[in-house]
Amino acid sequence: MNLQEEIKKRRTFAIISHPDAGKTTITEQLLYFGGEIREAGTVKGKKTGNFAKSDWMDIEKQRGISVTSSVMQFDYAGKRVNILDTPGHEDFSEDTYRTLMAVDAAVMVVDSAKGIEAQTKKLFEVVKHRGIPIFTFINKLDRDGREPLDLLEELEEVLGIASYPMNWPIGMGRSFEGLYDLYNQRLELYKGDERFASIEDGDKLFANNPFYEQAKEDIELLTEAGNEFSEEAILKGELTPVFFGSALTNFGVQTFLDSFLAFAPEPHGHKTTDDKVIDPLDKDFSGFVFKIQANMDPRHRDRIAFVRIVSGEFERGMSVNLARTGKSVKLSNVTQFMAESRENVENAVAGDIIGVYDTGTYQVGDTLTVGKNKFEFEPLPTFTPELFMKVSAKNVMKQKSFHKGIEQLVQEGAIQLYTNYQTGEYMLGAVGQLQFEVFKHRMENEYNAEVIMTPMGKKTVRWIKEEDLDERMSSSRNILAKDRFNKPVFLFENDFSLHWFADKYPDIVLEEKM
């Protein structure tokens, strides 16, 4: 098969949701259909604890939440599918936002009993800003939930996106009978031996069933007053196709997968800093690092840089140009993933995600190119932390492990590091409290370095220009520090001290990040 055909087979997407909406379960079921796992929640051929395949880090297994984005790949119906499972916990929005820069579409999982929740809304905004297609899966129909019409209305009002139901529930919870498939014009049956039935048979199958009658009434209303189906609007991210189902009982998931692959886009181009768009079908390889993960295999203390291939083909052993340093790097130890299992990869194409073994060469946001055409992709968003803690090594003899751990976890983007300009003290910045807990856990378990962490509370962070730097401006209410790139930054105690500083030094430009 030629390169263009291979690239056109790729479908790369992320799954987003609020915690506990069933994101990991639906990921499992998709892998099951892809033949990657024998049954959801278990790994093919491994006698291990019955943990979800996509939650691989120790702390995730203990808590049942995804705190890192895992990457999984499978083949299905002539397509090569790359799923990026994103952290559902709001404290990890930073990692999630960066992951959303590496996909061509998003699947939003919604709990039918709870509707649109805070975290879903936040992630949706990022996806919408990118203008990529969004597919909605309303989950947990095996339990009692809210009225389907209410859920659609909320989707449109809260998220501001038009919706089109691809199927419609017949009952819910104990009364759940199945789905009326509007798109394929058939019934999908929840009970009994037959999976599908024709619409004509529905009246006989569900004679005198009030839930079937209600479903037909709802559908009639939607046909008259609802949105029209438009593939063009889906691809622009203006219309979300809505699927109902139950990931836990694996009902409606395959129908969703078939439709998703029919409408989801093939890999798209990415913008460079000089506003050019790199076409996926360009023969020259290019890609960017969207995530760095240390210790995916605790036995080897390794680090993996996750690269989204934007154009061309990767071949094992090829040399690439690292735009940030201008140096040439050989890509020889490269893997592809199935959560914790991985295999060496000989070649991969635009749309694929590869893991490059990293000895400290890469940073999140790095651009890799080949050939004479040198450029950099648009920078990935960075987020200003709000919570801060001072951190130091508990055992002075473990300074080496302490510094190595901090350096690796900071490069991974799991936490942000600031150094007090005057005292040299380390200060950690996070978007949410859980990031500190994960940092402490990983320092102790992966680097054998116990840490002392002292809360500093909330801070307002502003960067200043190097030429404006004057240590005399620093005080207990506005601490002068350096970020991990040695750029000067002030940590203000609150908005009052920020405004006081701005009034006192009107010529100093204070810069805010995302």
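Each Cβ is built from the backbone N, Cα and C atoms, and glycine gets one as well.
Residues or ranges marked as domain 'tr-type G' by Swiss-Prot: 8-268.
All chains included, 27 other C-beta atoms sit within 10 angstroms of the C-beta of L141 (GTP binding site). Secondary structure at L141 (GTP binding site), taken from DSSP and collapsed to helix, strand or coil, is coil. As annotated by Swiss-Prot, GTP binding site applies to 17-24, 85-89, 139-142, with the evidence given as sequence analysis.
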Mean predicted confidence [pLDDT] for the domain 'tr-type G' (8-268): 87
Number of Cβ atoms other than its own within 10 Å, given for T86 (GTP binding site): 26
Cβ neighbour count (within 10 Å, all chains shown) around K23 (GTP binding site): 25
